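Step one of this worksheet: look at the structure below.
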Amino acid sequence: MTATRGLEGVVATTSSISSIIDDTLTYVGYNIDDLTENASFEEVIYLLWHLELPTKEQLQQLKEELAENMELPQEVLASFKTYPLEKVHPMAVLRTAVSALGIFDEDAEVMDKEANYKKAIRLQAKMPAIVAAFARIRKGLEPIAPRKDLGFAANFMYMIKGEEPDEIEVEAMNKALILHADHELNASTFTARVCVATLSDIYSGITAAIGALKGPLHGGANEQVMKMLTEIGSADNVESYIKDKLEKKEKIMGFGHRVYRKGDPRAKHLKEMSKKLTEITGEPEWYNISVKVEEVFTSEKPLPPNVDFYSASVYHSLGFDHDLFTPIFAVSRTSGWLAHILEQYENNRLIRPRAEYTGPGMRSYIPLDERK
Ligand code: CMC
């Protein structure tokens, strides 16, 4: 048995949800370029869960179901106030809150298809409410109830900021949510599938996935990118900053990918959005610094930017606290995680690979008082 480090190139499952072929990403056969330009996030959720785009009636029904399920149990909301608010990372709160939601869902352990679909709606709807409520509570503000007349993207922004976002903001948020919705067998999606393949419940699967997304090599990279842009401060400092990091053999967050070679097809959309939004907010330096980082880094290493690079300046321009960037990613990716969880249940087999053993050979037990 020979191990494949990081499971690179290993095909671990079949899936009908999303595919990456020749650096093109599709959701159920639709190019993400097409979906990003034309669809709403709710249409994409429907597509991922049902493998077809919705009719008008189906879309309306999904929107209503999401709007009706956004409110959080009081117990979960109250628990936020008991956390060390200044120190705790919102991803840790999200992970804990999703686990807690499982305690308050009477169908948590009901495993039939209908119950699982209902739980998928409940969880997808509550994810933005968790992020928004915590973002406000830690600032001493009261959480804001969702509005039934707003779509998913608008409601999410409204619940965080307390004011209705304008059309450009909603469009950007909608696009960002679509671009992050699914991504084949990425680390967090694999985690979710491994978890539920034991026939564990949906809440456990999403809790596990959030834990995997949190790391800086995965979803946590977008927050690290913003930290780097802030440290750099000006386009003039880019060259020395990047070269210094590379000399120290440090990674530059937001670049590189396990699967893409020519480039991440999501990055170009976010780059365009970053340019537009930073101009609107009067802070074009975030875009300018980012472009310069891309120029300098890729001239040293041929690794193109990934989804997390330009999403940092996009989310900053939309006014989000920097540690909310990864939770926002999670809100979107929940749609993909849930699609994969439902698919896993449909044709389940325990996921249990092997390890290539590299420890000592067979030994005999030495009694405690004879050990040196
Ligand atoms: N900066 C500098 N060097 C890099 C980078 C980077 N961002 N990414 C890869 N490399 C180098 C790495 O040092 C290694 O060099 P060498 O062969 O000389 O040791 C080589 O490229 C291969 O890297 P690797 O880490 O073995 O590649 P991987 O396929 O295991 O990792 C990755 C993929 C995305 C984890 C990695 O490129 C990385 O750490 N990037 C920075 C973190 C990041 O942006 N993560 C977001 C990923 S995309 C969205 C998501 O999933 O959330």
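Note: Cβ is positioned from N, Cα and C throughout, glycine not excepted.
Any TrEMBL annotation is an automated prediction that lacks curation.
Positions annotated as active site by TrEMBL: His257, Asp308.
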Whole-number Å value for how far His257 (active site) lies from Asp308 (active site) (Cα to Cα): 11
Among His257, Asp308, the most crowded of the active-site residues [Cβ within 10 Å]: Asp308
